[in-house]
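Record features, source Swiss-Prot:
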BINDING   Gly8, Gly9, Gly10, Leu11, Ala12, Gly13  FAD binding site
Amino acid sequence: MEKVKIIGGGLAGSEAAWQLAKRKIPVEIYEMRPIVTTPVHKTEYLAELVCSNSFKSTEITNASGLLKEEMRKLDSLLLRVAEETRVPAGVALAVDRELFSKRVQEILLESPYVTVIREEVKKLPKEGIVIVATGPLTSSDFAEHLMEVLDTDSLYFYDAVSPIIYADSINYEKVFSASRYGKGEETYLNCPMTKEEYERFVEELINAETVESHYPGEEKFFEGCLPIEVLAKRGIDTLRYGPMKPIGLIDPKTGKEPYAVVQLRPENIQKTLYSMVGFQTRLKFQEQRRIFRMIPGLENAEFARYGVMHRNTYFYAPKFLKATLQFIKDERVFFAGQLIGVEGYMESAAMGIVAGINAARLYKGKPLIILPPTTMIGALISYVTTKVPVRYYQPMNANWGILLPLDKPIKDKKLRNRLLAERALRDLEDVIRRFAINV
C-alpha cells in the first residue's frame, strides 16, 4: 500500500500520524533528530516539548479549554497522553515532559501502520500524499526549498508580534478614532498621553523584566525590528518620534495633538480584537499586563495574546492554503503546525489533527472536511487561510476574538464565553456526525 509521508515528528506531525494510523492507513514519519539536531531539543522523542510543560487551562469557558475539548472530540492522541502523564497545576493541564514525549512515541511505534524514519528531508516528495509539519525549527535546507516552492517573501524566520487586546476591555471614553492627517477611514483607535504619563511609561519600560532567549544567537533576527523596550532605552523621546508619534492626530477633546499616542489597529472584520501598533516586545507577560495597563484607555485591558519576539519559521499561509489545509498549487500536500502561522502547543497539534483527518479522507476518496469558524479549531484555520495584507499577518493562538460573534451581543463575559463554547461544541458534533469523522 502507498504510504502517507509526514515530514516532522513534532506535535502536529504526531497527531496527524495518529489520525491516519487509527484509520489503518500506512504512515512514514520523517524526523531528522537525532541525526540532525537543533539548539533546543534534548531528546530524540517525537512530540518533544521544548519550552513550557503546560498546555494551559482545561476549563471550557477559557479559549484554551474549548480548543482542548474540541480536540478531545476528534480523538486527540496528545490529550490522552497528557492525562496519563499529568502533574499538579491547578486548572491547567501540565505534564511530565519526558514521560509525555516518550509515551507518544511508544503509542505511535506500537501501531503496525506507523514507521519512523530518522533522516532529514530536504525537498518535498514528488509523489504521494504528504503532510509538512516541520515546525518553528525547520532545517535550513528544507526552509530553502520551501522558499523556492512558495516564494522568498512569504517565508519568515522569527515572530515580532505586538500584543492583541479584546475590544470590549478598552475604555472608549479615553480613546479616539482617527487616521493620521485625517486620511482614509478612521480605523485606528488612539490612546493619547500627556508628557507626565509618557515619561512614567518610558521609565517603566526601561526597568521592566524581559524574557531570556531559548535559542542561541536569536537576537540577530531582530536587528530590523527592535523591541519597544529597547527603543525606550535609546532616549526619552525615541518612542514619541517612532511608534508613539502623535503627528497628524488631533484629540477631539483638546483640539490638539497629544504629547504621545499609542495606536490600536483592528485585527479582524468584526473589530473584536485590536493590536498595539509597533509594540513588538520581549517583556515578560506579567510585565506587559502591568505596564501596558498604564496607557490611557487600557487600564482594564484584557489580552487575547501577549507580544512575543522569538525564532519561528512560518509562512504567509493565506496565499497558499485552502481551508482543508491543502496546498493550493498541489492538493496532495498538506501543511500543519506552527509553520502555517498558529502559535502554541495545542494550536499546532489541532492543525495536525485536521491535516491527518483530511489526508486520510483524500487517501480513501472521501470528501474533505472544513470546520466552521464557530469552532475554535475552525476559527484558527479560518485565520490562517483568510487573506489579509501580508504586513498584518502574524501567528495566532486560541482566543475568543477569532470566533464568529454570537447573533445577539452579550455583555456578561462568562455567559458569553459559555454560550460561544456550547455553540462551538454543538457545531463540531454536527460535522463529526455528518461526515462520520471518528468512524
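Here the Cβ of each residue, glycine as well, is placed from N, Cα and C on the backbone.
Known features from Swiss-Prot, placed on the structure.
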| residue | record | Cβ neighbours (10 Å) |
| --- | --- | --- |
| Gly8 | FAD binding site | 28 |
| Gly9 | FAD binding site | 30 |
| Gly10 | FAD binding site | 29 |
| Leu11 | FAD binding site | 31 |
| Ala12 | FAD binding site | 35 |
| Gly13 | FAD binding site | 31 |
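Apart from the site residues Gly8, Gly9, Gly10, Leu11, Ala12, Gly13, the chain places the Cβ of Ile6, Ser14, Glu15, Ala16, Glu31, Leu46, Ala47, Ala133, Thr134, Gly135, Ala336, Gly337, Ser348, Gly352 no farther than 8 Å from the centroid of the site's Cβ atoms, the recorded FAD location. Under the three-state DSSP scheme, Gly9 (FAD binding site) falls in the coil class.
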